[in-house]
Amino acid sequence: MAEQRVVIVGFGNVGRGLVKTLLFKSSKLAKHGVNIVVVGVVDSKGMVYKPEGLRPVELLKMLETPRSGLRSLEVAKQYVDLKELYEKTKPDIHVELTPANYETGEPGLSNIRFALNEGAHVATANKSPLVFDFKGLTELARSRGLVLKYTATVMGASSFLSLLDHMKLQDVYSVRGILNTTSNIVLSLAHEKLVEVERAVEEAIVLGIAERDPSIDIDGYDAAAKLTIISNVIGKPVDFKSIERVSLRGLSLREVVMAIKEGKAWKQVSSIDYRSQKARVALEKVEPGDLLYHVRGAMNGVVIETDTGSYFFMGKGGGGVETAHTVANDILAIALREV
């Protein structure tokens, strides 16, 4: 059975979900002839590593720590040093799960570059490094004979990007979709409970659906990042900063009620027309005849117009456990390539 040594950098919801997935799905991995050995786990303030591999009981212990709490463990290092981590553990696969940063792309951007330069394959759910340097990172991986997988960055609970990657011969004219789960849930709540968006956001925070600062989602940064990645996969790159963003903030109860009376619904729609080079993330009032009208709650949906017709993809947008499974599938794909 082929052994693949893995380091996990970033230990939030997806990182913890990934540890659970690798532990509970070890028998399924074994059926594919793969043994995933986690040799290191890193959060924002500390790291734990073992060259021989962390035992299941040790990984389960990590799941009991609070956010950024790995350093509370006796075996933990009270600092983060990727160079030391790599020298001690010599990983085959680097999993990058640090939070997105749409100002600089860091620390994920530097972490992925470091991993590739050290000869490790990479699987990531962090969008921002790809937003800032998709071409550079993919070319670096290719030049070193390595794999860079990022299926979890768009519609994280599905394999949408893998499907899109198999449309290389189509000429894509436009992409239009609902790409941010939090915003879609917020708008669904606004319609179902007849409240303004600000109130729906507050409820989503209480329910644990939205972050305490949901700006990245409701102000369109996350959706714009996903639109950027989709465009790069298609082969028609768009500059992230050139995408117009219109926030959900300010959508009034009166506007919500009027949409319902008209039989319509407000959606945060991400769109790009490659013929006009216009890209935006904005509120749209959509009709029942629009495929996106039926994309509600935690679902995401994308309509792609091509020279061979229009295609509609719909699936669950994300969630820690679901996204972790997509990352795990990327790890398996890399491992099978190495078998």
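The backbone N, Cα and C atoms fix where each Cβ goes, and this holds for glycine too.
The NADP(+) binding site annotation in TrEMBL covers G10, F11, G12, N13, V14, G15. According to TrEMBL, the feature NADPH binding site maps to K127. Annotation source TrEMBL lists domain 'Homoserine dehydrogenase catalytic' at 165-332. Sequence annotations record features per position, and here TrEMBL assigns L-homoserine binding site to E211. Feature annotation from TrEMBL assigns active site, proton donor to K226.
Overlay of TrEMBL feature records on the structure.
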residue: G10; record: NADP(+) binding site; Cβ neighbours (10 Å): 24
residue: F11; record: NADP(+) binding site; Cβ neighbours (10 Å): 26
residue: G12; record: NADP(+) binding site; Cβ neighbours (10 Å): 16
residue: N13; record: NADP(+) binding site; Cβ neighbours (10 Å): 17
residue: V14; record: NADP(+) binding site; Cβ neighbours (10 Å): 26
residue: G15; record: NADP(+) binding site; Cβ neighbours (10 Å): 25
residue: K127; record: NADPH binding site; Cβ neighbours (10 Å): 26
residue: E211; record: L-homoserine binding site; Cβ neighbours (10 Å): 13
residue: K226; record: active site, proton donor; Cβ neighbours (10 Å): 28
Cα-Cα distance linking K226 (active site, proton donor) and F11 (NADP(+) binding site), given in Å to the nearest integer: 22
From recorded positions K127, E211, K226, the one whose Cα lies nearest N13 (NADP(+) binding site): E211
Residue pair the residue listed as 'NADPH binding site', the residue listed as 'active site, proton donor' - Cα distance, angstrom, rounded: 7
For K226 (active site, proton donor), the one of G12, V14, G15 that lies nearest, given that the binding-site residues are compared by Cα: V14
Distance [Cα-Cα, Å, rounded] between V14 (NADP(+) binding site) and the residue listed as 'L-homoserine binding site': 14
Cα proximity to E211 (L-homoserine binding site), best match among binding-site residues G10, G12, G15: G12
Cβ-based neighbourhood (8 Å from the centroid) of the NADP(+) site, residues G10, F11, G12, N13, V14, G15 excluded: I8, R16, G17, L18, D43, L97, G320
